[in-house]
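One structure is given below, encoded as structure tokens.
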Amino acid sequence: MMLQDLKPYLAVIFLQFGNAGLVIIAKAALNHGMNHYTFAVYRNLVATLVIAPFALFFERKGRPKLTFSIFIKIMLLGLLEPVIDQNLYYAGMQYTTATFAIAMCNIIPAMTFIMAWICRLEKVNIKKVHSMGKIVGTLVTVGGAMIMTVVVGPTIGLPWSKGSTTAHNQQSTPPVSAGDNIKGSMMIIAGCLSWSCFYIVQALTLKSYPAELSLTALICAAGTLQGSIVTIIAERGNNAAWRLQWDAGLVTIVYGGVICSGLGYYLSGIVMKEKGPVFVTAFNPLSMVIVAILGSIVLSEQMNLGRVLGAVVIVVGLYLVIWGKSKDESHSNSKFDPDEIPPVNQQIPMTISIKKLGNEDHDHSLSIAMPPTNETFNKINGK
């Protein structure tokens, strides 16, 4: 039972490790000339080829019918994240830095929370403490990510990063011009908005098409098709952009396709059906913590006080969100909420008829007032 409860948390943590790794290797590949248009196309093509066989085998029975409405939603999903977000995000990363790009992604939880609230995918009652915990927790995680980005502070000497200051300074990224920084920021923000919309549409689509593997394969296929059209238009006459080589670009394509697109869409869909889109995106700031830790160990980057302080704030914010979500689930699983029992004048009269065995002429009826079910109560209040 404990393992079953931990599965959603392990899944979203795995997603953040995957996204953090992709950001690091994608930046290196972009610096070596990888084209972000063809990267998005090949990445989704790899994801389609990997996921489609599993979808055909494991969901060959019981797969919902693909209606026109679901088809439109799938095409929209294939446009939002595989095409718009991926192209804008990695184009913006070319104008800025990997650290800045992943920091900007921390606005996704706030965007998703607001849209989920509007679409009624997230229960929010500002009179409830646990609902306020979700709101405050989301804001705290975003604030912690901003602290990691803005606040520097003194360097914290770690045993595995000592003596690397000089080498790190020599390999630091050249400064980004103000114009490129603004241009890249706008692209990344637009990409994050598209990504948040993707999560909302995915949650809505899963309600009418609850086949995660098939939906993932169809999204990636739609993204491959639409991305190819966009790339042909954007890179017309540049046939070299489609050329694949045995370099960091190929590793990025395979890694991004299998881990971040294939498994990413599939796992987020499974968790989303149980926990909702806000739960999935609430863990996005964790990728900054992962990048900071792995960067200090693998790349011997210096750890400063701002990063440590921001990481602590992010953990506190995530705890508040998880606590609020757990309270939501406990309330939804309970039969009655004491705060929602209506007054006596709104209770439903119920008549119990008692008949003497073998004699239907003797009918004694007893009328009592019973609290309505939650569904009946919602009808009474016009919900």
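Cβ atoms are placed via backbone N, Cα and C, with glycine included.
Any TrEMBL annotation is an automated prediction that lacks curation.
TrEMBL annotations:
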type: DOMAIN; residues: 9-139; note: domain 'EamA'
type: DOMAIN; residues: 183-322; note: domain 'EamA'
type: TRANSMEM; residues: 9-30; note: transmembrane segment
type: TRANSMEM; residues: 36-58; note: transmembrane segment
type: TRANSMEM; residues: 70-89; note: transmembrane segment
type: TRANSMEM; residues: 95-118; note: transmembrane segment
type: TRANSMEM; residues: 139-161; note: transmembrane segment
type: TRANSMEM; residues: 181-201; note: transmembrane segment
type: TRANSMEM; residues: 213-234; note: transmembrane segment
type: TRANSMEM; residues: 246-266; note: transmembrane segment
type: TRANSMEM; residues: 278-299; note: transmembrane segment
type: TRANSMEM; residues: 305-324; note: transmembrane segment
The transmembrane segment (9-30) and the transmembrane segment (213-234) contact flag, 3+ Cβ pairs under 8 angstroms: no
Sequence-remote contacts (6 or more beyond its ends) of the transmembrane segment (246-266), Cβ cut-off under 8 Å? 14-15, 18-19, 21-22, 25-26, 28-29, 32-34, 39, 42-47, 50-51, 82, 202, 212-213, 215-216, 219-220, 223
Range from 70-89, 95-118, 181-201, 213-234 with most C-beta pairs under 8 A to the transmembrane segment (36-58): 213-234
Tell me the residue counts in helix, strand and coil for the domain 'EamA' (9-139), as DSSP assigns them. 106 helix, 0 strand, 25 coil
Across the domain 'EamA' (183-322), what are the DSSP residue counts per state (helix, strand, coil)? 118 helix, 2 strand, 20 coil
